[in-house]
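S.K.: First, the structure itself, so that you have it in front of you.
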Amino acid sequence: MAAANAPIAMREALTLTSLGIAPQFVTFTHVTMESEKYICVRETSPQNSVVIVDMAMPAQPLRRPITADSALMNPNTRILALKAQIPGTTQDHLQIFNIEAKTKIKSHQMPEQVVFWKWITPKLLGLVTQTSVYHWSIEGDSEPAKMFDRTANLANNQIINYRCDPSEKWLVLIGIAPGAPERPQLVKGNMQLFSVDQQRSQALEAHAASFASFKVVGNENPSTLICFASKTTNAGQITSKLHVIELGAQPGKPGFSKKQADLFFPPDFQDDFPVAMQISQKYGLIYVITKLGLLFVYDLETAAAVYRNRISPDPIFLTAESSASGGFYAINRRGQVLHATVNDATIVPFVSSQLNNLELAVNLAKRANLPGAENLVVQRFQELFAQTKYKEAAELAAESPQGLLRTPETVAKFQSVPVQAGQTPPLLQYFGTLLTRGKLNAYESLELSRLVVNQNKKNLLENWLAEDKLECSEELGDLVKTVDNDLALKIYIKARATPKVVAAFAERREFDKILIYSKQVGYTPDYLFLLQTILRTDPQGAVNFALMMSQMEGGCPVDYNTITDLFLQRNMIREATAFLLDVLKPNLPEHAFLQTKVLEINLVTYPNVADAILANGMFSHYDRPRVAQLCEKAGLYLRALQHYTELPDIKRVMVNTHAIEPQALVEFFGTLSREWALECMKDLLLVNLRGNLQIVVQAAKEYSEQLGVDACIKLFEQFKSYEGLYFFLGAYLSSSEDPDIHFKYIEAAARTGQIKEVERVTRESNFYDAEKTKNFLMEAKLPDARPLINVCDRFGFVPDLTHYLYTNNMLRYIEGYVQKVNPGNAPLVVGQLLDDECPEDFIKGLILSVRSLLPVEPLVDECEKRNRLRLLTQFLEHLVSEGSQDVHVHNALGKIIIDSNNNPEHFLTTNPFYDSRVVGKYCEKRDPTLAVVAYRRGQCDDELINVTNKNSLFKLQARYVVERMDGDLWDKVLQPENEYRRQLIDQVVSTALPESKSPEQVSAAVKAFMTADLPHELIELLEKIVLQNSAFSGNFNLQNLLILTAIKADPSRVMDYVNRLDNFDGPAVGEVAVEAQLFEEAFAIFKKFNLNVQAVNVLLDNIRSIERAEEFAFRVEEDAVWSQVAKAQLREGLVSEAIESFIRADDATHFLDVIRAAEEANVYDDLVKYLLMVRQKAREPKVDGELIFAYAKIDRLSDIEEFILMPNVANLQNVGDRLYDEELYEAAKIIYAFISNWAKLAVTLVKLKQFQGAVDAARKANSAKTWKEVCFACVDAEEFRLAQICGLNIIVQVDDLEEVSEYYQNRGCFNELISLMESGLGLERAHMGIFTELGVLYARYRPEKLMEHIKLFSTRLNIPKLIRACDEQQHWKELTYLYIQYDEFDNAATTIMNHSPDAWDHMQFKDVAVKVANVELYYKAVHFYLQEHPDLINDLLNVLALRLDHTRVVDIMRKAGQLHLVKPYMVAVQSNNVSAVNEALNELYVEEEDYERLRESVDMHDNFDQIGLAQKLEKHELLEMRRIAAYIYKKAGRWKQSIALSKKDNMYKDCMETCSQSGDRELSEDLLVYFIEQGKKECFASCLFICYDLIRADVALELAWMNNMVDFAFPYLLQFIREYTSKVDELVKDRIESQNEVRAKEKEEKDLVAQQNMYAQLLPLALPAPPGMGGPPPPMGMPGMPPMGGMGMPPMGPGPMPAYGMPPMGSY
């Protein structure tokens, strides 16, 4: 049977290996396919990854680096489930990821190993362990729930499938196990069926199973079926069965009877068995797929066999249902993903004809709506109808495939059946059956509705429409409209009968719905007519409708202006305004006219509305001058101002300030330019200065920045309006810092009598010119002096103020200023009054009136400057008596006492309130000792130092410095720059410190000397204190300081101090001595204080005497000392001595350093002793490892063997690696053998030349790297047998193959390498690389075997690589074959042509040429054949005919002079009508004088130079050639040349035919004259008939009569008269019919107008027809009334409705 006619269609959806997936990963354990959407492949090399193949985009696989033991893609969504075993346990870790969201959904750690898992639903995972089955939902946080335990029959089975039914009530688990002993090749299948409701299991034998749903006749609920296939042996007999069984039968309902059928396996497939089963719910078929690729197809309902075939030559291990196509996907071991589907066009004919199962064929066709059973269904229907089984016939018709019987004929057949009384009519039975099955078609819906409407059962129609049982149509709507308009509207909408829907909405006055509906369906109603209709009854509704039109996509269908005019013609101003305001919101330039219009109509009728519109500012494109004029006329002066653009207009309108709100006018000023605004302000002041001043001031204040403050000031000054200036500058003052503005404001306020404001500004402002203001106020002589007082007080003009007030006899203001305003300035006032020679009594009274508020210091300064200090004695004593502690009071009093020499020492020592620095300074020139007293009392260090230095009072200075104990003071006096430092130090050492008994004072002095870096002076000081039996001789700190200072300043004294002093800090001082490199002193200190470790460190680290250190260590015998000695010996390279010292110290802490040093010194014997000591103290891997290494270095291998058998913590792997690296191979062998590191052992044995043992170890290691190392070593040693054993284990790894090959080739072992590769071909894991590499080797070294190898294994070769090898080795024939196999046809063709002696084969080249992509190769092939194989060139050209440019081919052949060679080719392609081909063939035909072929060519192919050919043929010697020339002229329209040529050759018939075809009357009549002239009467008669349509009758008769040829013209004359009379009769008949039609049309129009006028009184006034609508003019006497059509009024009576349910549209 041909594949095209097979009932099952197979195709290869994709190949996994083509996506880069290695063949070793195409297995059951690596590939999963849970549905038709995704394939998931788990790769483990070169790295762990998961490849997800989306079947919708198979060429774009998603590869992610994921390590897992198994991966499953969710059947529906991009959710990935991963399973991985936890290392070291039998537990599995499960994770679920959302790939799109890149988030983890859930994870769980299973306590058992999951041996199989599967998505049983899109939300549920089934997990199978060794003992149980769990379900795990991806929703929520639930953990896997146990469902049931595995039965015993599944023990030791490999689980291959797990499924559940759609209700998740039935579960089935499938496993396979090795076959029975008598037939081990046949695998056993076991199945466990579990009921969730009953919690029971049943064990069965089956290899594959699946669930299905099936509706049994008489049962509305579907039955759950299980289908399973088994293949068992019993007593040597093989039984293969398919079972279909119902699960959970429904009580009281018809059930599904159990079915079973045999599976027939061909003899060659006796050991084959089912591996998968898929059920197609779409077709009701069962697919059983076996391991070896057999497909069995069975009917689900009957278990009848439908089809069997082998679909795959390779074993199938995985399938998945394809619900979309009703088939399935299968994956075989080759990586092919096969897609099997039912062939809709052939399965039913196949079942009916091949299987002769007519019932099954009909059921399949009905079940899946398939073609092919038409005759059977129709025949069965007719039989049932003939048997009056109307119900069965109705059911058959309802279920007929592809609606075969759902036709009007079937309805008519049921209608024709007579109805028996008391019985349901067959037609209703038919419709009832259809309704239970689904939806009726349009015709059925219409017929059923007729019945229902006639019976007045409208509710049935409503129910059926609600249930979507009827197909809506316009005819159905028309029918229902007679009983229910609403229901009819719904039907029209569903049927998309747009005109009827619009008419219905118009009748219901739901105009808004018309717009919505029209937009939805893309219909365009008559919007203008609808708007006019609404206007008559609902003006607001009309506005809403117009607005809805304006919002339609694509713009408003009616012009806005037209809509506005409709409103205005009915005086609907408000409605027109509302419409325009809404549609003009976008404020577009093209709406300028409408903006002007809406403003005009409202300014005339409703100015307040216009004002509101303008206030909103929503328009900006209207005619502003026009609107401005209208606003002025309407009294809207502000709006007029806003719209005028000329200054005179603005001035004219602005003076109407009485009608303009002041604030608005002020705001208007903000829109004017600076110059215009100032002009307008000037006009306002000119017209009414007093009335408009406030507006002008407000405008000036508001826009001062734009107008300029100076300009505004000048404006007010121009009108001498100080009031305007006052108000204007008052607002601007707070933000201005201009002194001139502040002064002008003060001036304006003063001139307008605003004294309080003048006082406030002078008090608060910081920006006026004080000098200028002071002068103005003094000149103004205001009655109130407070403004002047403010200015002078703030800006320091107090003397001027005092002088002004004193000279103007304003003493009251002086007292007020001093007492109340600013008592602090009283000293200045007093000073000025003294200068003005004011009486002392007034001044004293003034001072006493202020008293404590008066600042004493400046007052004293003022009086002191004028030598009037005694004036203050009474005042100061009064303050003291009042208890004043003011320092200035007491300073002044002290100065008076010092000057009067009234016991000043008593005052200086007892008065606590004076300032020592001030009084001391006052005393310096009078008595320095008094100054010292004052400075000491106030601790005035600098002043005291200066005065004592100046007066050589160093003893006083030394005592003061020691007593002060101030570090800063000490630093100051001990500075090198101090020229008196030596005198001070002498007084300190000799007098001040010896007198002191305070340790603090001593300490401060010592510290000061140290800080000042005076070590020698400090030693002098300390010796005097410490060594001379003073109170501080035994002081610990001073002894430390003395030694440390000596270390720093005089090291020669240190040893003496160390010996003489005992109470100092030995460790610290010793460290300082070390730092100062006084090593012997430091050793003496440490030894004195028994610090042995520090002492020995000095000997080792500083003195560097290991001998003295050893001697010292023997003397003290301390472990710590020996340890220090050992470390020093180690540093100096005395390794053996260091090891002995470490052993004496019993110190194991530095074993790493000891090991390193011992290895460098190669003293492994001593190291062994040390390490044995260390092992007694610590268990360190490093120690044990080094001990083994040391044993190896001194060749104590037996000790190594003994040691590793003992408990140890050595890292033997690392030790072995180190031994190997150090080439201690015998010791390394012991270690590697002990730890079973076969890989390293193998390499070690190689180094020992023990190759056989190395191979054995490599076999145990089974590592690619190890195999390579052993292999390469064997090759180098020419142990090729062993090398081949290793090589076979390497070359199965793709990545290592090339390395092995190169190694062999580099050493010239070509034969051995070929032998290795040939052996590798038979390996189970042989891959493409082996076959390819062997091909490359054949190409290089055995070319005679190359072609055989390529042909045998072409599908398993890496062809590009082999192509390169063949190209390099110049094997052209093999290279061509490879190019063809790789679909590189361009390269194949090029190779054949370039190397034709070796590679050319005609048949092969033809096959290649038709597949070439590069067009230029076609023409290269033509040249090639022309040069080397001209006899075969036509064969090649015919093959390439569809791809060649025939013009170019002809040019090639023409240039080569070989056109005749390709004549067969040109004939074959001439049908393309190519100019070059036609001309070449015509040229050959002319050359061969083949006029028949030439005529045929010219006739059929017109694309050539016709005139050129004609001119060439015109002179040909053959007549037929010249006739062809005439013929060509005729075809080209050159009638005269054609006729002349025919006349020349006496071809009169040709002449006549040419004239007839030309349509030229003159040529025809000239030809008649020619025939008369030649006496050709018969030709004359023939020409009259042939040119009948061209020749005029009068000309013909005239020529005949004049030349006595009337008899020859008479037949023409008879024909002409007959034709003429027939035409006249036709014209008369047409005229009569036309007149009748006109009269009938006029009568019809008259009747229509009369009928329309019957309703004229019911219709409101309407606008005249818009231009272009083509309506008739209004009737007489009623201007503006259109004809009465088109207003939505249907005609009365039962007459037929016009189209679309609307009357003729009349004017609209």
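Placement of Cβ uses the backbone N, Cα and C atoms for every residue, glycine included.
Annotations per Swiss-Prot:
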type   : residues  : note
REGION : 1-492     : region 'Globular terminal domain'
REGION : 25-67     : region 'WD40-like repeat 1'
REGION : 68-113    : region 'WD40-like repeat 2'
REGION : 156-205   : region 'WD40-like repeat 4'
REGION : 206-270   : region 'WD40-like repeat 5'
REGION : 271-314   : region 'WD40-like repeat 6'
REGION : 315-343   : region 'WD40-like repeat 7'
REGION : 537-648   : region 'Distal segment'
REGION : 537-1708  : region 'Heavy chain arm'
REPEAT : 551-697   : repeat 'CHCR 1'
REGION : 653-1708  : region 'Proximal segment'
REPEAT : 700-842   : repeat 'CHCR 2'
REPEAT : 847-986   : repeat 'CHCR 3'
REPEAT : 993-1138  : repeat 'CHCR 4'
REPEAT : 1142-1283 : repeat 'CHCR 5'
REGION : 1227-1536 : region 'Involved in binding clathrin light chain'
REPEAT : 1437-1580 : repeat 'CHCR 7'
REGION : 1564-1708 : region 'Trimerization'
S.K.: Against the repeat 'CHCR 3' (847-986), which of these stretches has the most C-beta pairs under 8 Å: 551-697, 993-1138, 1142-1283, 1437-1580?
M.R.: 993-1138
S.K.: List, by number or range, the same-chain residues at least 6 past the region 'WD40-like repeat 7' (315-343) whose CB is under 8 A from its CB atoms?
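M.R.: Cβ under 8 Å, 6 or more out: 6-18, 21, 23, 26-28, 31-36, 39, 55, 275-276, 278-283, 285, 287, 289-293, 295, 368.
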S.K.: Is the region 'WD40-like repeat 1' (25-67) packed against any residues at least 6 beyond its ends, judged by a Cβ distance under 8 Å, and which are they?
M.R.: 13-14, 16-17, 19, 73-76, 78, 80, 82, 84, 99, 118-119, 160, 317-325, 329, 331, 333-335, 337, 1295
S.K.: So what's the average pLDDT for the region 'Trimerization' (1564-1708)?
M.R.: 65
S.K.: In the same chain, which residue numbers or ranges, 6 or more beyond the ends of the region 'WD40-like repeat 6' (271-314), come under 8 angstroms Cβ to Cβ?
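M.R.: Those are 6-8, 10, 160-161, 176, 183, 185-187, 189, 207-214, 225, 227-231, 242, 244, 259-261, 263-265, 320-321, 323, 326-328, 330, 332-334, 336, 338, 340, 342, 347, 350-351, 355, 357, 360, 363-364, 367-368, in sequence order.
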S.K.: Summarise the region 'WD40-like repeat 2' (68-113) as counts of helix, strand and coil residues per DSSP.
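M.R.: When I sort the residues of the region 'WD40-like repeat 2' (68-113) into the three classes, I find 0 helix, 26 strand, 20 coil.
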S.K.: Treating G and I as helix alongside H, and B as strand alongside E, what does DSSP give for the region 'WD40-like repeat 4' (156-205) in helix, strand and coil?
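M.R.: Computed counts for the region 'WD40-like repeat 4' (156-205) are 0 helix, 28 strand, 22 coil.
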S.K.: Across the region 'Distal segment' (537-648), what are the DSSP residue counts per state (helix, strand, coil)?
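M.R.: Going by DSSP assignments, the region 'Distal segment' (537-648) contains 80 helix, 0 strand, 32 coil.
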S.K.: Can you break down the repeat 'CHCR 5' (1142-1283) into helix, strand and coil residue counts using DSSP?
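M.R.: Counting residues per DSSP class in the repeat 'CHCR 5' (1142-1283), I get 110 helix, 0 strand, 32 coil.
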